[in-house]
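Asks: Quick one: the structure is below, and I'll ask about it shortly.
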Amino acid sequence: ADVPGNYPLDKDGNTYTCLKLGENKDCQKVCKLHGVQYGYCYAFECWCKEYLDDKDSV
């Protein structure tokens, strides 16, 4: 089953890019900013587990 989640957006509506795939401290910080406890770097963009609201940019 697919785990729900999404790519959070910054205040300019862009995804957060990342260089280190998989576990990524920067992505963890980004996801926590968006109220989600866990995330990682996938396809060079931060992806947050169980993050559903892509309109809540920070």
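Every residue, even glycine, has its Cβ placed from backbone N, Cα and C.
Bear in mind that the values here come from a model prediction, so they are computed numbers and not experimental data.
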Asks: From the list Cys41, Cys48, which cysteine is recorded by Swiss-Prot as disulfide-linked to Cys18?
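Replies: Recorded disulfide partner of Cys18 in Swiss-Prot: Cys41.
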Asks: To the nearest whole angstrom, state the Cα distance for the pair Cys31 (disulfide bond) and Cys46 (disulfide bond).
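Replies: A Cα-Cα distance of 8 Å.
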Asks: Can you tell me how far the Cα of Cys46 (disulfide bond) sits from the Cα of Cys18 (disulfide bond), in Å?
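Replies: Checking the Cα atoms of Cys46 (disulfide bond) and Cys18 (disulfide bond) gives a distance of 6 Å.
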Asks: Looking only at the domain 'LCN-type CS-alpha/beta' (3-58), what are its DSSP counts of helix, strand and coil residues?
Replies: 9 helix, 15 strand, 32 coil
Asks: Given the disulfide-bonded residues Cys18, Cys27, Cys41, which lie close to Cys48 (disulfide bond), meaning Cα to Cα within 10 A?
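Replies: Matched disulfide-bonded residues: Cys27, Cys41, sequence order.
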